[in-house]
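Participant: I have a structure I would like to understand better, so I am pasting it below and will then ask my questions one at a time.
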């Protein structure tokens, strides 16, 4: 399963090796979820101020968060799907706060790489339509995250 993944590191704190691991992990998640060949996603690493502004502007929450996802394939109410069947989907953007990832890795007692992987998979699943607004949705989404991370070998 080949998908196009673009990484943008605004922090210069993520190593080439960590990016390679995340690329493999996202490809694994795409395979598990049967994402169409040629789909595209971008992953950006930012600081707390940048993600705080995005969280405020797009979610109305004026505080930094760990990960945001912006799905480009979501249909709004009353919209029709105009994407051709043969056009690879642009899934959207995943934005990860590096300071939050480091803080949470320390808080949960696991590696920075594990936390980055968790946040990347979490964001990726949001792009595919998973959510955690209800207890049932949360159970399904978090079980899927753990399945992918365990299958990849990125455990706590």
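Just so it is clear, glycine is given a Cβ too, placed from its N, Cα and C backbone atoms.
According to Swiss-Prot, the record shows the following:
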type: BINDING; residues: 122, 126, 132; note: Zn(2+) binding site
Participant: With an 8 Å cut-off on Cβ-Cβ distance and a minimum sequence separation of at least 6, pull the same-chain contacts of residue 126 (Zn(2+) binding site), or say none.
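Facilitator: In sequence order, 69, 71, 94 meet the Cβ cut-off.
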Participant: Counting other Cβ atoms within 10 Å of each residue's Cβ, which of the binding-site residues 122, 132 comes out lowest?
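Facilitator: Comparing Cβ neighbour counts within 10 Å for the binding-site residues 122, 132 gives 132.
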Participant: Within 8 Å of the Cβ centre of 122, 126, 132, which other residues of the chain have their Cβ, at the recorded Zn(2+) site?
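Facilitator: Checked against the 8 Å cutoff, the neighbours are 67, 69, 123, 125, 130, 131, 141, 145.
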Participant: Look up residue 132 (Zn(2+) binding site) in the DSSP assignment and report helix, strand or coil.
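Facilitator: It is coil.
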